[in-house]
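I have placed the structure first, in the form of structure tokens, so that the comments after it can refer back to it.
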Amino acid sequence: MVKFSKELEAQLIPEWKDAFVNYWQLKKHIKKIKLARNKRPTQLNHGFGRSIVDPIRFIAMKLLSTKLFFSSNNNTNTDDDETVKVRSKSTEDACDHEVEFYQTELLQLFSEEDEVRVFFERLDEELNKVNQFYKTKESEFLERGEALNDQLQTLMDLKQILDGNRRWKPNILPRSSSSSRRNSGFSDSPLGLNDGSTEISDEIIAAFERNGVKFMNSPAAAAAGGGAKRKKVEKRKAAMRIDIPATTPTSAISAVTSMLWEDLISNSTKQDSTAGHSINRKKIQCAEKMIRTAFVELYRGLGLLKTYSSLNMVAFTKILKKFDKVSKQEASARYLKAVKRSHFISSDKVVRLMDEVESIFTQHFANNDRKRAMKFLRPQQHKDSHLVTFFSGLFTGCFVSLFGIYIILAHLCGIFSATTGTAYMETVYPVFSVFALLSLHMFLYGCNMMMWKNTRINYNFIFEFAPNTALKYRDAFLICTTLMTCIVGALLIHLLLTAAAISPSHVDTIPGFLLLIFIALLICPFDIFYRPTRYCFLRIMRNIICSPLYKVLMVDFFMADQLTSQIPLLRHLESTACYFLAESFKTRQYTCKNGSLYRQFAYVISFSPYYWRAMQCARRWFDESDPNHLANMGKYVSAMVAAGARLTYATQSNSLWFGVVLVTSIVATVYQLYWDFVKDWGLLNPNSKNPWLRDDLMLKNKSFYYISIALNVVLRVAWIESITRFRINQVQTHLLDFFLASLEVIRRGHWNFYRLENEHLNNAGKFRAVKTVPLPFREMDSD
């Protein structure tokens with residue numbers, strides 16, 4: 001049977017771990033009670049010691065019920081309950097507020113036993129903590145539910161009015177658009193809005209205003225007063241605005257244009273008061289999608305709060321039973337009565353709100369289909385398949401076998417010799433290195449996911465991945481082993497055909513075909529080979545390339561950081577593209593490196609990942625106004641300068657450029673190391689209870705953190721090899737470059753774990769377990 005402590009640790013909400021009852025600490029108190037009682041000279045079977053008050057205590061325990069003193073805003077005090085209030089001062093608003101707490105009278109019965117008294121004091125503290133946290137979260141979700149109700153009501157009023165008074169245009173809704181909406185899993189909007197704007201008459205504007213939606217400079221406002229009153233009417237008290245976040249380039253540009261247009265209209269004094277008003281259809285659709293997502297997140301949060309309540313109730317029950325067993329008393333039944341009367345158990349507001357959300361979502365977003373609604377409100381995670389594990393092991397064995405055969409045959413054919421292996425390494429090595437580095441990165445990402453899962457780091461929530469389609473670590477291992485098996489198999493076939501003296505124009509097309517197959521699988525529209533993951537990857541890459549125009553999410557800059565460690569992979573893609581586009585495979589004469597365009601494009605490729613990451617920092621600074629993002633941008637600018645200096649030194653080897661490379665690389669490395677340890681990992685805190693680490697650590701063994709710090713420093717200074725030029729021949733040069741590129745990928749995989757650990761701890765410190773979706777409709781003051 002699994003111990004409850006392990007079961008609780010496996011089921012509790014990681015971001016709310018500190019708010020749960022500290023079951024492990026209470027168990028330690030019970031062990032102290034047991035040790036203290038075992039030290040007594042004599043101990044009767046019924047549990048009494050030598051104290052003369054023990055018989056009195058036994059009778060009192062049978063007659064006295066535990067009294068739970070509390071003060072609640074939602075419950076009235078009874079004769080059996082007494083309110084205990086503590087006055088404390090808030091440091092934020094400097095005003096007094098009342099803190100409610102529970103206190104049990106069992107302390108009076110165990111006043112002579114310090115360990116038992118400490119146990120019940122601690123138990124009261126835990127009960128107060130759980131109750132207060134539950135009240136806080138419950139009030140937050142109730143307020144969120146009321147806000148969503150208002151948002152939905154505004155949306156429904158808006159759609160009803162537009163549905164009854166829209167003016168249809170020819171070819172408004174193409175058949176493909178309608179079918180795509182049906183395939184998305186949501187019911188078509190009852191409005192059926194077209195792609196253009198909907199003209200609103202004066203009567204409709206008046207109907208809007210009766211429903212609480214205000215229009216600036218509307219004809220009704222102009223007619224409300226005349227002459228001297230006209231200016232007062234034009235200054236409306238409030239205006240309802242559809243606020244859609246500019247998350248895409250199109251929405252960003254349209255948002256800026258919309259702001260300029262609204263300013264132009266509101267500041268214009270010559271506007272015709274009888275002019276028509278229009279509402280954009282796309283904004284209404286985006287508003288509906290935002291409200292729908294907000295309902296899903298609200299339901300998820302309510303489910304987590306319900307789980308929080310039930311787990312804490314079980315924890316209190318288990319710990320009190322342990323106390324009864326050790327103390328030979330029957331205190332659990334009486335204390336549990338008080339626990340059941342507490343707010344986090346007695347309140348049914350969460351359950352009722354969950355039922356309301358289910359009803360609303362089914363009616364408005366699932367076309368009264370409850371089964372379809374619950375697929376979105378309660379998405380089911382796919383169970384791990386044994387076939388995935390089986391094929392991962394199978395392909396691992398195939399890869400190891402084929403790689404061993406390839407090494408033996410390559411040695412027999414003299415592929416790695418300095419005389420015959422140069423052409424092979426120049427032509428075949430780049431494209432196969434791309435797949436090897438990609439497979440290594442995928443393998444390390446699978447290791448990251450396995451470690452995150454074992455340490456209860458909620459990476460799906462941090463990356464905002466859908467739980468039913470998110471990639472799991474077994475899937476990552478399967479993709480990695482399958483890809484490496486195919487790569488080594490293609491290498492072996494290429495080597496055999498080369499040894500058989502087949503024409504190079506035919507043999508060297510094998511890497512090209514392999515690359516084309518990989519690209520075709522990546523963009524394949526069919527629901528095979530992890531399509532949600534593939535399309536998510538393509539969407540993230542689009543966001544990175546257009547980073548100044550897209551709103552930057554955690555997964556976007558996390559992936560951009562991965563690209564900064566894959567610059568050798570991008571350089572190999574450049575070499576491969578030049579090799580096949582220039583048709584060098586027909587003659588096996590690689591002449592691309594001699595061209596000036598190739599050398600100039602090398603700077604673009606080396607700068608691009610740092611540039612994209614710097615632009616993401618600039619966008620985040622623009623959105624959040626946090627100067628730390630500008631400091632982070634400086635780190636990538638320094639890395640860009642150092643990369644450019646090293647590229648120039650590779651072609652112009654003189655003392656001047658050696659000094660430039662040395663200075664820029666040292667500055668960039670120190671900058672990067674500081675940011676890694678202090679900002680990304682949250683370590684090197686001199687005041688931490690864990691020396692030079694941080695207070696909260698997910699790994700129990702502290703030595704892992706010190707080893708990781710040293711390893712990161714060593715791998716960060718691998719650029720020293722690029723200026724020492726430790727080379728013997730061309731073949732060994734390529735192998736050494738591949739080894740150094742692999743070390744950087746390993747360093748990035750090692751960095752990933754601690755980066756997400758720090759992000760998870762930041763979420764846990766703020767009790768962020770659900771995503772806060774911005775609401776579209778908001779009231780704004782108008783001058």
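Just so it is clear, glycine is given a Cβ too, placed from its N, Cα and C backbone atoms.
Note: TrEMBL annotation is automatic and uncurated.
Copied over from TrEMBL, here are the features:
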DOMAIN    2-337  domain 'SPX'
REGION    169-194  region 'Disordered'
COMPBIAS  175-189  compositional bias 'Low complexity'
TRANSMEM  387-409  transmembrane segment
TRANSMEM  429-447  transmembrane segment
TRANSMEM  476-497  transmembrane segment
TRANSMEM  509-530  transmembrane segment
DOMAIN    593-783  domain 'EXS'
TRANSMEM  656-675  transmembrane segment
TRANSMEM  703-720  transmembrane segment
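The stretch in 387-409, 476-497, 656-675, 703-720 that contributes the largest number of Cβ pairs under 8 Å to the transmembrane segment (429-447) is 476-497. Beyond the transmembrane segment (509-530), the same-chain residues lying 6 or more positions past its ends with a Cβ under 8 Å from any Cβ of the stretch are 428, 431-432, 434-435, 471, 475, 479, 486-487, 490, 493-494, 497, 537-538, 576, 580, 585.
Long-range contacts of the transmembrane segment (476-497) within the same chain, counting only residues at least 6 positions beyond its ends with a Cβ under 8 Å from a Cβ of the stretch, are 388, 391-392, 395-396, 398-399, 402-403, 405-406, 409-410, 413, 415, 428, 432, 435-436, 438-439, 442-443, 445-446, 449, 506-508, 510-511, 514, 530. When averaged over the domain 'EXS' (593-783), pLDDT in the model lands at 90.
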